[in-house]
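As structure tokens, the structure follows; a few thoughts come after it.
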Amino acid sequence: MSDINIAEAKINLEKKGFLDLGIDPTMDVFAEIERLKKEKNAIVLAHYYQEPDIQDVADYIGDSLGLAQQAEKTQADIIVFAGVHFMAETAKILNPSKKVLLPDLKAGCSLADSAPADLFRKFKEKHPDHLVVSYINCTADIKALSDIICTSSNAEKIIESIPVDQPILFAPDKNLGAYLNKKTGRNMLLWNGACMVHEIFSLEKITKLKTRHPNAKLIAHPECEDPLLRMADYIGSTTQLLKYTQQDNGSEYIVATETGILHQMQKASPEKHFIPAPPDNSCACNDCPHMKLNTLEKLYLCMEYEAPEILMEEQLRLAAKKPIDRMLEISRAAGLIG
Ligand code: 13P
Ligand code: SF4
């Protein structure tokens, strides 16, 4: 690669979101990523929604809670975050001395986008007596306006740790919030945000699938809407869904979350049959367009040239860290993490 090409790709980085450089098609990208991990003392953390090739080169694959914990405790010099922007941002908040790389800066999140900080601040000001619990799928600015962060793995325990007479404002996912209200008997005030991936499942197609596969269990992520959750045999975070399929004695599952998780489900239980729940469009399965912006090639390029990097102003980082620390404390006390 010539120095001129690299300089040009770095100039265009902000506009494109990634280093737009060609890669020698004969190159063994898997081997190169392994070499870079060793040479640079880098760790690759990947969310379950990443494409299978990325999951296969990752040092750790997990859900949002597991990834935050790994990011906090790693001794590596570089954290390569194969996930979306708010996840890489959380890694930087928790471990600021590390260089945090994201293969594509434009890997955002519809849920995080649904809560702009200026509007949220005004909403919060209208409810000064409310404690703010925010789902980790939000920007650092929203975290800085929150009292406690939660993920889908620990949300119930976080809500239960709050005195019952304390009013709560929950943001940004109204579906997870409504599910938690039902589970905990609270009446949290909900911000009107949602995940584009989990909202689009087709009840009609799922009902037809269940007729064709009468023994299949429907398992769903709590970001899905209430009518789907009411049909589900099991509801949980990505890690909980994966564990359920490993421990349950069923043999067939309709999986209502992003399709990336099927890779680990199939690897862990090769004898079982996993069917992605179909969305309400012409596709047969449901990919998150943000998560899937990352590719193996972009992952290699960001490691080789150490860009794009997540940077954050220290004052914002410290304000956003407080509610995440609170979440980790409560999760440890509840035995959810080590
Ligand atoms: P978990 O990682 O907590 O299961 O959340 C899923 C998700 O939508 C991440 O963007
Ligand atoms: Fe955001 Fe939904 Fe994609 Fe997760 S699956 S990153 S919540 S848009």
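In case you wondered, yes, glycine gets a Cβ from its N, Cα and C as well.
DSSP assigns HIS47 (iminosuccinate binding site) to a strand. In the structure as shown, the Cβ atom of HIS47 (iminosuccinate binding site) sits within 10 Å of 26 other Cβ atoms. Under the heading iminosuccinate binding site, TrEMBL lists HIS47, SER64, TYR135, ILE136, ASN137, SER152, HIS221, PRO222, GLU223, THR238.
Per TrEMBL, [4Fe-4S] cluster binding site is recorded for CYS109, CYS195, CYS288. Cβ neighbours of CYS195 ([4Fe-4S] cluster binding site) (same chain, under 8 Å, six or more residues apart in sequence): CYS109, SER110, LEU111, ASN137, ASP173, ASN175, GLU223.
All chains included, 22 other C-beta atoms sit within 10 angstroms of the C-beta of CYS288 ([4Fe-4S] cluster binding site). Report note: the [4Fe-4S] cluster site is defined by CYS109, CYS195, CYS288, and the residues of the same chain whose CB lies within 8 Å of the CB centroid of those residues, excluding them, are VAL84, SER110, LEU111, ALA112, ASN137, MET196, VAL197, HIS198, GLU258, HIS290, MET291. In sequence order, LEU111, ILE149, CYS150, THR151, SER152, ALA155, PHE170, ALA171, PRO172, ASP173, LEU176 are the residues of the chain that are 6 or more apart from TYR135 (iminosuccinate binding site) and have a CB within less than 8 Å of its CB.
Each residue contributes its Cα atom, and for CYS288 ([4Fe-4S] cluster binding site) and HIS47 (iminosuccinate binding site) those atoms are 12 Å apart.
Checked against ligand 2, the binding-site residues HIS47, TYR135, HIS221 give no residue with a Cβ under 6 Å from it.
According to DSSP, CYS109 ([4Fe-4S] cluster binding site) sits in a coil region rather than a helix or strand.
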